[in-house]
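**Student:** Here's the feature list from Swiss-Prot:
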{"type": "BINDING", "residues": "G13, T14, S15, M16, D17, G18, V19, D20", "note": "ATP binding site"}
Amino acid sequence: MKFNELYIGVMSGTSMDGVDTALVEITDNHVRLIAHGDYPMPAAMKEMLLSVCTGQATNLKAIGELDHQLGHLFADAVLQLLNKSGYVAEQIRAIGNHGQTVFHQPTGDLPFTTQLGDANIIAVKTGIDTVADFRRKDMALGGQGAPLVPAFHKSIFAMQDSTTVVLNIGGIANISVLHPQQPVHGYDTGPGNMLMDAWCERHTGHGFDKDAQLALRGSVNEALLAHLLKEPYLAMSAPKSTGRELFNMDWLHHQLANYDVSVEDVQRTLCEYTAITIAHDVTKFTYGETPQLLVCGGGARNPLLMQRLAELLPQWHVTTTTDKGVDGDYMEAMAFAWLAQRHIHDLPSNLPEVTGASRLASLGVLYSKN
C-alpha cells in the first residue's frame, strides 16, 4: 500500500508550556517534517488546568468550558501553522490531536484517561478531518493507554546491532527501547522536567530552569535524593505509566517535609533525581558494543541533565534525535500526525508489548470536518 499524504500533529504535554504543531509528509513508512510551530497557552488556562490535574475542587461546568477553550486553542495553533507554512486545509489529509491530559489512571478497578480539547471544534474550525481520543481503545483492551510514541519510534529509527533507546524528557520521562533481538519496550521512567519546572516557577517566576542556572548554583542533597528514590512507582514493573496525578507540587512538598534544603539544592537534587531514575532503567537494556541513547523533548536542552546522563551511562553514546535528523522538540507532535495516518488507513498503532493491551488496534476516533 503506497502513501504520500500530509498530516498535522498537535501536542500539548504534561509540561503545559504551550502547543506544539508539526506538518509532516508521510510516504509509505517515511515521515518528513515540513514545518512546525509553537502556540502559547494563556496563563489563566494553564492555571485552571493545573488545578484540575492536581485534584483541586472543580465542577463539570468548568471542565466543559476548558474542553471548549482548548478545542479553539488547538485549532488556532493549526491555523497558525498553515499560515506560516503556506499550505491550505485542502492539502491536509487529517490532523492528529492528542488533547490535554487532565487525568490518567491506568490501573485499579476503574481505569480511565481524560484528555480535553473538543475535536469537533478543531475539525470544523480548521476544515480538516481530525483524529483524537487515541488512548482509550488501548485501555479498553487492558492496556495502559501509554506510552504510544514507541510505535512511532520503531517506525523511524532503524534497528541496529546494538540497543537504541529513544528518551523523551517532557514533563514525564519515557523510553522506547529498540533492541535488535527482542520486542520493543517502552514506559514512563518517572519525572522528567515536571518537578524541576514547577519548583523553578514557584521560586523564580520562570517556567523552567534555563540552561540549568538555578540547579548549577546548588548541590545534591544526598539524604533527600535517597528519600525521593524510595517512591514506589520507580520499583513497579512495566508496563507502567504516570503523570501529574502523582508527580506534582503536593507530592514534592510532602517529600520535603522533614528536610531543610535551600531552593538551589532542591533544584539540583531534582535534576539528579531525573537523571538517576532514567539511567537506572536505561542500563537494564545495554546490549551490543555501541548502544545509543537518543534524547528528545525539552530536557534535551538542559545541559546539566544531559551531562549527568552521559556520566551515568559511560557505555552509551548519548546524543539527541536532532543530531540524527529528527527534530527532538517536535517528536511527539510528529508522532500524533503518524498515529492519525495509521487510523485513516485502519492500520494498527499500538504495541501490546509496550502498553499491555491484549491485541493490536488502530487507535483514535475520527471527527469529520463536514
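Including glycine, each Cβ sits where the backbone N, Cα and C put it.
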**Student:** Using a 10 Å radius around its CB, how many other CB atoms surround D17 (ATP binding site)?
**Tutor:** 19
**Student:** I need the neighbours of the ATP site defined by G13, T14, S15, M16, D17, G18, V19, D20. Which other residues of that chain put their C-beta within 8 angstroms of the C-beta centroid, in sequence order?
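**Tutor:** Sorted by sequence, the hits are M11, S12, M41, G170, G171.
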**Student:** So what sits near D20 (ATP binding site) in its own chain, CB-to-CB under 8 Å and at least six residues off in sequence?
**Tutor:** V10, M11, S12, G13, H36, G37, D38, D329, Y330, E332, A333
**Student:** Which one of the binding-site residues (M16, V19) has its C-beta surrounded by the most other C-beta atoms within 10 angstroms?
**Tutor:** V19
**Student:** For the binding-site residues G13, G18, which one has its C-beta crowded by the most other C-beta atoms within 10 angstroms?
**Tutor:** G13
